[in-house]
């Protein structure tokens, strides 16, 4: 029986036992990704210290005494005073690496396949992670963080797409939300590791060793059936679908996949990033999505910086930084599956609420009580923008055809990094007026929210496998609600 890929998923099972095992591995991988992403928070922590001056007879030499029960690169290489900038530099190098990884790994996996690019990225992530832990000096440490950023950001992006493409489209919101929620929990797990492992090199080794476990288990993963199908490799895609069906406890499927409308011929090269510019639908769609991703990152980090400095235990603060995002994901899963809200309207409202949270924060005073405090309102805003960020991953995956899905996500993730880089500079605008930073973040959130309405709704709509399918009116509109309702 000839069938399309979505029909094959319906026959094999959209989220059966086989897919639960495959996605569980990739979802739990986010704990490792989170540990690498926030490593510098504890490894670069600056403890209290005292500078003791020796007697003049001894040449007036200075001796630094650190008043802490943990070690970090600060205590080992004395990165204080004039050398303090090196901690931020190492962090910035990691984010520059993320930017490069996001833009390069996406097109690579669209051309070479999801699995080989993912496994290669994870392998080098582990190698460079060990270089970080064993770095003999700051220079090697900083370079290793840059290299970790490249492979960690690229590998995480490909693993997210792979997770989505193992399951039926109706479960994309669930697996996408679960992936992002696990990342937030991973931040808390890293804080727990840091609490018990106070030596920074041992902490880096332990958190990096998690990757070895995932690397060995990843060889059991099959290639993405959606990628195989989009490349015209229908026989291999059928084998993967048979594997999923048998793993779901079903009998061997009696079906043959119809050739994809946009399957590549042998003399054709696969589409790349340039197709995002050449195709009119993808061009404007990409411009809008890049701005939304930029604002999500911009407002997210901006609210974090303006939420106020948390006093008390360092490890508890790191854990709360991650756990405050967790409530956002059940909210996403509830609203984005409702016909009256969907992906587009839900993301729009979350961004608008985050924008208003920024603007209203400037009207509150610090001593206005617990339930009206600027810190609590800012953290609520952070939860809102975290929810919007989560939807952005799911929504973007559905807006791009399979052959360009990783490239589209890579370009959007790249713009997201620029938001993270610029956000720390906005608080310096307080010299003009204390309310200026909040106005900047608020207007950004509101503008991105309203721009979301220019995108088409994807709830209960088919997924395009090829660029050619976007010529169909039900795929090829940027904003056309009547076409959506009649498709």
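A Cβ is built for glycine as well, from the same backbone N, Cα and C atoms used for every other residue.
Quick caveat, the model's predicted, so the values are computed rather than measured.
Per TrEMBL, the feature domain 'Major facilitator superfamily (MFS) profile' maps to 23-460.
Beyond the transmembrane segment (24-46), the same-chain residues lying 6 or more positions past its ends with a Cβ under 8 Å from any Cβ of the stretch are 70, 72-74, 79-80, 84, 87, 90-91, 94, 122, 125, 129, 132, 145, 148, 152, 155-156, 159-160, 162-163, 175, 178-180, 182-187, 189-191, 193-194, 200, 203-204, 207-208, 210-211, 214, 217-218, 220-221, 314-315, 318, 322. Under the heading transmembrane segment, TrEMBL lists 24-46 (among others).
Under the heading transmembrane segment, TrEMBL lists 87-105 (among others).
Under the heading transmembrane segment, TrEMBL lists 117-136 (among others). Counting same-chain residues at least six beyond the ends of the transmembrane segment (117-136), those with a Cβ under 8 angstroms from any Cβ of the stretch are 29, 36, 39, 101, 105, 108-109, 144-145, 147-148, 151-152, 154-155, 158-159, 162, 201, 204-205, 207-208, 211-212, 214-215, 218-219, 221.
What TrEMBL records for 142-162 (among others) is transmembrane segment.
Sequence annotations record features per position, and here TrEMBL assigns transmembrane segment to 174-196 (among others).
Annotation source TrEMBL lists transmembrane segment at 202-221 (among others). Under 8 Å from some Cβ of the transmembrane segment (202-221) lie the Cβ atoms of residues 22, 25-26, 28-29, 31-32, 35-36, 39, 42-43, 115, 118-119, 122-123, 125-126, 129-130, 132-133, 162, 190, 193-194, all in the same chain and six or more residues away from its ends.
Residues or ranges marked as transmembrane segment in TrEMBL: 284-303 (among others).
Annotation source TrEMBL lists transmembrane segment at 315-336 (among others).
Taken from TrEMBL, the feature transmembrane segment applies to 348-365 (among others). With a threshold of 8 Å between CB atoms, the same-chain residues lying at least 6 positions outside the transmembrane segment (348-365) that come near it are 292, 295-296, 299, 302-303, 306, 341, 372-374, 377-378, 380-382, 384-385, 387-388, 391, 434-435, 438-439, 441-450, 452-453.
The annotation transmembrane segment is assigned in TrEMBL to 371-395 (among others). If you look at the transmembrane segment (371-395), the same-chain residues 6 or more away from its ends with a CB under 8 A from one of its CBs are 160, 164, 172-173, 176-177, 179-181, 184, 289, 292-293, 296-297, 299-300, 303-304, 306-308, 324-325, 327-329, 331-332, 336, 343-344, 346-347, 350-351, 353-354, 357-358, 360-361, 364-365, 409, 412, 445, 455, 458.
The transmembrane segment feature in TrEMBL is assigned to 438-455 (among others). Within the chain carrying the transmembrane segment (438-455), a Cβ under 8 angstroms from the stretch's Cβ atoms is held by residues 284-285, 288-289, 291-292, 295-296, 298-299, 302-303, 306, 344, 347-352, 354-359, 361-362, 385, 395, 399, 426, 429, 478-479, all 6 or more beyond its ends.
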Stretch among 87-105, 142-162, 174-196, 284-303 sharing the most Cβ pairs under 8 Å with the transmembrane segment (315-336): 174-196
Per Cβ pairs under 8 Å, the stretch of 87-105, 174-196, 284-303 packing most closely against the transmembrane segment (142-162): 87-105
Contact set, same chain, for the transmembrane segment (87-105): CB under 8 Å, 6 or more residues outside the stretch: 37, 40, 44, 46, 73-74, 79, 117, 121, 138, 141-143, 145-155, 157-158, 273, 406, 409-411, 413-414, 416-418, 420-421
